[in-house]
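A short write-up of the structure that comes next.
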Amino acid sequence: MKVSRRAFIKQTAAAATASVAGVTLPAGAANLVTDKELTQLKWSKAPCRFCGTGCGVEVAVKDNRVVATQGDPKAEVNRGLNCVKGYFLSKIMYGKDRLTQPLLRMKNGKYDKNGEFTPVTWDRAFDEMAMQFKRVIKEKGPTAVGMFGSGQWTVFEGYAAVKLMKAGFRSNNLDPNARHCMASAVAGFMRTFGMDEPMGCYDDFEVADAFVLWGSNMAEMHPILWSRVTDRRLSAPKTKVAVLSTFTHRSFDLADIPIVFTPQADLAMLNYIANYIITNKKVNTDFVNKHTVFKQGVTDIGYGLRPDNPVQKAAKNADKVGDSKPISFDEFAKFVSTYDLDYTTKLANPDKSKEKEFKQQLQKLAELYADPKIKVVSFWTMGFNQHTRGTWANNMIYNLHLLTGKIATPGNSPFSLTGQPSACGTAREVGTFSHRLPADMVVTNPKHREEAEHIWKLPAGTIPEKPGYHAVLQNRMLKDGKLNAYWVQVNNNMQAGANINEEGYPGYRNPANFIVVSDVYPTVTALAADLILPSAMWVEKEGAYGNAERRTQFWHQLVDAPGEARSDLWQLVEFSKRFKVEEVWPEDLIAKKPELRGKTLYDVLYRNGNVDRFPLKDVDPEYNNAEAKAFGFYLQKGLFEEYASFGRGHGHDLAPFDDYHKARGLRWPVVNGKETRWRYKEGSDPYVKAGTGYQFYGNPDGKAVIFALPYEAPPEVPDKEYPFWLSTGRVLEHWHSGSMTRRVPELYRAFPNAVCFMHPEDANALGLRRGVEVEVISRRGKMRTRIETRGRNQPPKGLVFVPWFDASQLINKVTLDATCPISLQTDFKKCAVKIVKV
């Protein structure tokens with residue numbers, strides 16, 4: 001029986017889906033798994049390569065090639081289901097333009113900034129790279145070198161990068177692209193609870209009475225989680241779904257309470273709901289009195305723009321953005337009382353002809369939170385986080401759950417959804433941000449630096465105390481010539497970063513700078529670099545991701561990378577061999593540990609008795625491990641166990657390394673072999689003391705903070721010259737910049753190019769028809785696309801939406817590089833543009 005690969009994928013996926021639904025498939029489908037040809041495949045588990053949901057997949061390998069994938073029925077997250085991107089996982093590694101050897105810009109046999117990309121050996125690539133890094137460190141010091149990493153790094157890669165940059169090069173100029181997606185969530189968690197990441201888990205979905213989406217199109221961005229929400233809504237008819245967004249999208253199809261609002265006005269609506277809860281006497285007084293305190297945050301904090309920007313200069317408190325002062329409950333109640341229904345509607349309603357309907361929906365939404373009998377899960381993603389007041393928005397959604405006590409119990413959860421597969425596990429938990437260390441530690445805290453130096457066996461004072469350049473600032477410093485040696489891994493910031501014409505591309509092509517990009521395909525970012533390093537991806541290496549519900553998942557290396565491609569982990573560790581401590585550390589630091597003199601950073605960081613303590617025999621003999629073979633010890637296990645020591649006993653407990661290869665992921669803290677589903681609640685969280693009920697132990701007093709924060713306008717709004725709001729985002733078929741999904745023929749054909757979604761009346765007013773080519777123009781740049789007046793996304797009048805997956809249509813030429821001043825996360829959801837027919 002011969003079965004085509006396409007038919008096999010389709011039928012096995014159908015079988016997995018059917019088994020979850022309790023459906024029996026025809027014999028032809030069921031018999032596939034017993035076919036002789038198919039039994040030659042080796043199946044192994046792995047988490048999906050795409051979003052932060054953390055779906056489990058089964059991966060089939062034959063002849064050192066991934067030939068099929070299907071949803072893993074044993075995975076708790078997705079229960080055998082895949083979205084359309086996960087369905088085509090087997091194809092993402094095999095694009096025709098896969099990078100397989102290092103490429104250096106050269107002219108006449110030498111490196112030249114303006115030369116052509118030329119194939120070179122790894123030795124030649126690292127020779128040039130090391131020379132450039134050493135030159136910069138010698139001339140300008142460690143603050144002139146930097147790295148931009150990723151929420152797609154494995155846990156091991158991110159941890160190795162933290163050690164290399166913050167300890168080896170003594171530079172905190174390390175930031176992940178998670179700065180663009182999750183920094184506001186992190187800052188919100190830390191300000192309210194003193195600890196990062198959600199207190200709930202996906203198990204909330206099956207017992208909640210209401211779901212509220214704030215700036216989250218789960219139907220397309222988290223479709224597997226949306227299937228669970230949909231199942232709950234349809235199987236429990238009393239369940240309600242509210243969807244709030246600046247435009248109508250596919251998630252609205254399930255909405256009982258649909259609300260389209262004016263950009264930035266979510267701040268006002270959040271305060272209105274808090275006011276509604278208080279005025280209707282629905283505050284959970286016992287919970288609030290025992291477990292919360294109230295603070296008022298500093299206002300008028302600016303927008304993270306360059307200091308000479310007039311809007312930034314006008315801010316009164318740009319130098320104390322995170323400050324706050326204690327207030328009472330009565331003072332908080334008075335503060336939010338301004339946000340009554342009329343005032344909030346005036347700020348938030350984009351369609352004045354539907355004012356009555358808007359008010360009705362807003363009241364229904366407020367009642368979901370206020371009614372003590374209704375268990376509520378709030379979801380949000382980029383609508384909250386990519387926001388010039390993103391940290392505030394996160395704090396304010398917690399206000400609603402804390403005022404009502406709807407938190408940390410099954411079905412009651414404020415749930416920040418993650419965009420990348422390991423934005424939680426790597427960027428946040430490992431601490432690859434410019435101000436962080438592992439397990440919520442920060443470089444500004446002397447005790448935290450001391451702890452890290454102790455674990456890493458380094459001399460006191462190795463880790464700098466000043467935070468480094470964050471993502472947006474890195475681009476500005478590259479342009480200004482203050483950041484000169486720069487390594488980019490697992491991201492495509494030239495397509496993703498805002499205002500790229502003015503603040504991105506100039507820095508990459510600055511003659512004083514040497515830019516290295518490690519990637520699997522020739523992305524926009526790679527083509528702007530001076531050296532391209534070919535990387536292994538996904539199951540071409542052993543890895544670990546941490547998903548949105550604190551679930552850490554491992555996988556084995558299943559196939560070899562093509563050609564000379566090497567994992568980012570191998571690149572980081574191998575590169576460290578080219579630096580002796582004398583070349584990167586001052587003499588007074590070496591004098592504190594003279595036994596390190598003459599050693600390489602590889603010796604100091606990765607052969608320190610911790611990382612190299614697990615021998616090759618610990619590697620599972622059924623699987624290859626390229627890094628273990630290269631370095632002679634089980635590198636991943638050593639890195640993980642050293643990293644895990646930061647969090648064990650501190651509320652971030654991870655299980656022993658080997659447990660993860662056996663399980664379909666475990667949710668931390670894992671104490672005495674048991675994972676934690678709900679944090680901060682007695683009886684569920686082992687860190688909560690008996691008799692306390694709840695304990696928000698990230699804060700010294702064990703209490704969560706309810707913040708009084710106002711509505712503040714965005715830095716740029718539509719006017720006569722630029723009359724439209726621009727919002728950017730993703731679509732179901734593509735992930736981030738499309739560098740993987742656009743190389744899958746089926747996904748490319750499903751949505752080949754980006755378009756400008758526009759209200760039909762706006763299009764008619766401009767004399768535009770569907771399919772007409774236009775320019776989207778802002779004060780910073782312009783790009784060409786085509787108008788779409790139908791389909792899945794339906795903006796209100798006055799707003800356009802353009803997805804950013806298309807490398808041929810760089811919408812980030814247009815966007816504004818304003819940030820939340822607290823989280824330093826970019827606001828990609830609002831700026832002013834005009835639309836002009838070509």
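Note that Cβ sites are derived from N, Cα and C of the backbone, with glycine treated the same way.
Checking the candidates Cys83, Cys201 against Swiss-Prot: the one annotated together with Cys48, Cys51, Cys55 at the [4Fe-4S] cluster site is Cys83.
Recorded residues Thr248 (Mo-bis(molybdopterin guanine dinucleotide) binding site) and Cys55 ([4Fe-4S] cluster binding site) have their alpha carbons 27 Å apart, per Cα-Cα distance. Secondary structure from DSSP puts Lys85 (Mo-bis(molybdopterin guanine dinucleotide) binding site) in a helix. Taking Trp804 (substrate binding site) as the reference point, the binding-site residues whose C-alpha atoms are within 10 Å of its C-alpha, out of Gly215, Ser518, Gly729, Lys829, are Gly729. Same-chain neighbours of the [4Fe-4S] cluster site beyond Cys48, Cys51, Cys55, Cys83, judged by a C-beta within 8 angstroms of the site's C-beta center, are, in sequence order, Phe50, Thr53, Gly54, Asn78, Asn82, Lys85, Gly86, Pro223, Ile224. Of all the binding-site residues listed here (Gly215, Glu220, Ser518, Gly729, His734), Glu220 has the Cα closest to the Cα of Cys83 ([4Fe-4S] cluster binding site). The Cα atom of Cys48 ([4Fe-4S] cluster binding site) lies nearest to that of Lys85, taking the binding-site residues Lys85, Gly215, Glu220, His734, Lys829 as the candidates. Cys51 ([4Fe-4S] cluster binding site) and Ser518 (Mo-bis(molybdopterin guanine dinucleotide) binding site) are 20 Å apart (CA-CA, integer value). Taking DSSP states H, G and I as helix and E and B as strand, the domain '4Fe-4S Mo/W bis-MGD-type' (41-97) has 7 helix, 20 strand, 30 coil. Of all the Cβ atoms in the protein chains shown, 30 others lie within 10 Å of the Cβ of Cys55 ([4Fe-4S] cluster binding site). The distance from the Cα of Lys85 (Mo-bis(molybdopterin guanine dinucleotide) binding site) to the Cα of Cys51 ([4Fe-4S] cluster binding site) comes to 10 Å.
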